[in-house]
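This is the structure, below, for whatever I ask next.
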Amino acid sequence: MLRAYLRMHRRRQDHFRPPHCIQDCPLHHSCTSSRIKMSDEKQVDPKVANASSSSSLNEGAVISGRAADETLDLIEKHGHEVGELTPEKKKKLKRKIYIHVLLLVTFIDLMLYVDKSTLGQATLLGLFKDTGLNNSEYNNLNSLFYTGYIIGQIPGQLLIQKLPLRTFISGIIFTWAVIVLLHCVAQSYGALIPLRFFLGFVESAVIPALEITMAMFFTPEELHQVQPLFYTSCIGSPMFTGLVSYGLLYSKASTSPWKFFMIITGGISLVLSVITWFWYPNNPATAWFLTTEQKVHTIRRIHETTRSSIEQKTFKRHQFYECLKDPISWLFAFSGFTLMLANNLPYQQSLLFLDLGVSPLGSTLVWVASGGFAILACITASLLIRFFPGHSAWWAALWCVPCIASSIGMVTIPWGNTIPMLACLLLPPNCFAQTWIISVGWVSSSCAGHTKRLTRNAMFMVLYGISNIISPQLWKTGGPRYYPAWIVQIVASFTLTPILLLTIRFILSKRNKERRQWIAEQEALGNHGEGYVEQVVDGEAVKVKVDVSMLDLTDLENKYFLYPL
C-alpha cells in the first residue's frame with residue numbers, strides 16, 4: 001500500500017501536501033515527499049533498511065519502509081478517511097477490546113499457569129505413590145522446568161518477532177497441551193524429566209507474547225490498570241485446580257486421580273489452541289473484530305500516547321545492543337531474579353499443608369480459599385493503580401510489606417498453631433504476586449523499539465528462570481521450618497526487590513524531567529517529532545514524512561517518548 005501511495009505522489013514538489021493528507025491527522029503533521037533518482041533498488045544503503053538514523057529528531061530520522069511500523073500501510077491507505085470518533089463509538093471500541101483481547105489473553109494465561117502447576121496438584125492426587133517420587137526429586141523437576149524455560153527464551157523471542165502472533169500462540173498452546181497429556185503415561189521420575197523440561201521450553205515466551213499483544217491495544221495508563229485484572233487468571237488459578245482436585249479425590253475409578261487431572265487440563269488447552277487459531281489478533285491493523293475505522297483509531301491512540309511503534313518484524317541489531325547497555329534493562333532483570341527466589345513457595349504449599357497436619361481434602365479447600373483471596377488482591381491492586389496512577393514502583397514495594405511480616409511469622413510462630421501458620425503461609429504468594437504483576441507490565445511499557453522490547457523481555461525472563469531454578473533448592477533442607485528459605489525470601493525477595501524498583505523509578509523520573517524540558521524547547525521551534533520513511537519506486541528513492549511513532553525508534557533514540565511511572 002505504501003508503494004502505491006509513493007507512486008501516486010513521487011513526482012510532486014517537496015513543498016506540496018498530498019491531497020489526502022489532512023491537517024488534523026496525527027500521523028501526518030506535514031506529509032511531504034522528496035525524491036532521489038536511483039538506478040537500482042539495491043543501491044539503497046543497507047544500514048538504512050535496518051536502523052534508524054542517529055541524527056536528532058528535529059533534523060528528521062530516515063528509515064526504510066520495511067523497518068517502519070507494521071501498521072503504516074493501513075494508516076497510509078485509510079488514515080485520511082477516518083476522523084475523530086464520537087464518545088459513543090469510543091466506548092464501543094473500548095468494550096470490543098476488553099471482550100476480544102483482554103478476555104482471551106486472560107484465559108490463555110489461566111491455562112498456562114494451570115498446566116504449569118499440574119505437578120504441584122498431582123502431589124495431592126497420588127503422583128508420589130505411582131511414580132516413586134521423593135521431595136528432592138520433586139524439587140529437581142521444578143528446577144528442570146525452568147531450565148527449559150531459560151533455554152527457550154532466545155528461540156521464543158525470535159519467533160515472536162518473525163511469526164504472526166496468532167500462529168505463534170496457537171502453536172505453542174497446542175504443543176503444551178500434548179506435553180501435559182503425555183504426563184499420563186509417565187511411570188517414573190526419569191519419564192517426568194523430559195516432560196517437565198520441554199513444558200518449560202515451550203511455555204517460556206508465552207507471557208512476553210501476551211504482554212506485547214496487550215500493549216498493541218491498550219495505552220500505557222490502561223495497561224497498568226488491566227495488568228492486575230489480567231493476572232487474576234494466574235494467581236487465581238488455584239481456585240480452578242483446587243475445585244478439579246476436590247472432585248477427583250472422590251473418584252472411585254481404577255485410574256489414579258492425578259492422571260485424570262492431566263487429561264482434563266490438557267484437553268482444555270487443546271480446545272483453547274483451536275479457539276486461539278481463529279480468534280487471536282496479530283495486531284490492530286489485522287484484528288478481525290475491528291472495523292477499518294476502529295483499527296485506525298486504535299493505532300492512532302497507541303501512537304499518540306506512547307510516541308512509539310506497535311510492531312516491527314525486522315530484527316534490529318543496534319536495538320539489541322542498546323538494550324544490553326541500558327542500565328534500566330539490568331535493574332528490571334535483577335528485580336525479577338530477586339523476587340522469584342520466593343516463587344517456589346506456591347509449589348511447596350501442598351507439601352507444607354501436609355506437614356501442618358492438613359488432609360489432602362482440606363488442602364484442596366485451602367487452595368480454593370487462597371485463589372479467592374488472590375483475586376481480591378488483584379482487584380484491589382487494579383483499583384489503586386487506576387485511582388492513584390504514576391506510582392507503580394511504590395505500589396509494588398507496598399505489596400512486599402505483608403510478605404515480610406508473614407515470613408517472619410513462619411519462622412517465629414510455634415509450629416502447632418495451624419491456623420496462624422496457614423495464614424502466614426498463604427499471604428506471601430498472593431501479595432508478592434502483585435509486585436510481579438506490576439513489574440512485568442512495566443518492563444515492556446518502559447521502553448520503545450520492538451527489538452529492544454523483545455530483548456528486555458528475554459533478559460527479564462532469563463533471570464526469572466535462573467531464579468526459579470535456584471528457588472526449589474532452598475527447600476531441600478531444614479524442613480519443616482525451612483529457616484534458610486524464609487530468610488532468603490525476607491532479605492532478597494521482599495526487601496531488595498522494592499529497592500531495585502524504586503531505583504528504576506528515580507532514574508526514569510529524572511529522564512522524563514529532562515525530556516519534558518527538551519520537548520517544550522522543540523515545540524517552541526515548531527518541531528513536533530517527525531521523520532521519514534524511504535522506499536524505492538521505479539528506480540527512485542522517495543521519502544515520506546511521518547510521525548516519529550512510525551519509525552520504530554528506541555526510547556533512547558526518541559526523546560518524545562515519556563516513561564510511564
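Here the Cβ of each residue, glycine as well, is placed from N, Cα and C on the backbone.
TrEMBL lists these features:
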type	residues	note
TRANSMEM	97-114	transmembrane segment
TRANSMEM	167-189	transmembrane segment
TRANSMEM	195-217	transmembrane segment
TRANSMEM	229-248	transmembrane segment
TRANSMEM	260-280	transmembrane segment
TRANSMEM	365-385	transmembrane segment
TRANSMEM	392-413	transmembrane segment
TRANSMEM	419-442	transmembrane segment
TRANSMEM	454-474	transmembrane segment
TRANSMEM	486-508	transmembrane segment
For the transmembrane segment (454-474), what are the same-chain contacts with Cβ under 8 Å, counting residues 6+ beyond its ends?
139-140, 142-143, 145-147, 149-150, 153-154, 157, 160-161, 200, 204-205, 207-208, 211-212, 319-320, 323-324, 326, 329-330, 332-334, 336-344, 347, 440, 443-444, 447, 482, 484-485, 488
Would the transmembrane segment (392-413) count as touching the transmembrane segment (167-189), i.e. at least 3 C-beta pairs under 8 angstroms with sequence separation of 6+?
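No, since the transmembrane segment (167-189) and the transmembrane segment (392-413) share fewer than 3 Cβ pairs closer than 8 Å, they do not count as touching.
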Counting only residues 6+ away from its ends, which parts of the chain sit with a Cβ under 8 Å from the transmembrane segment (365-385)?
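Same-chain contacts beyond the flanks: 224-229, 231-232, 235-243, 245-246, 349, 353, 358, 391-392, 395, 399, 422, 426, 429-431, 433-434, 437-438.
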Sequence gap of 6 or more, Cβ distance under 8 Å, 3 or more pairs: do the transmembrane segment (229-248) and the transmembrane segment (486-508) meet that?
no
Give the nonlocal contacts of the transmembrane segment (260-280) in its own chain as ranges (CB under 8 Å, at least six residues past its ends).
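Beyond its ends, the transmembrane segment (260-280) has Cβ neighbours at 100, 104, 107-108, 111, 114-115, 118, 121-122, 125, 165-166, 169-171, 173-174, 176-178, 180-181, 183-184, 213, 241, 244-245, 248, 251, 253, 288.
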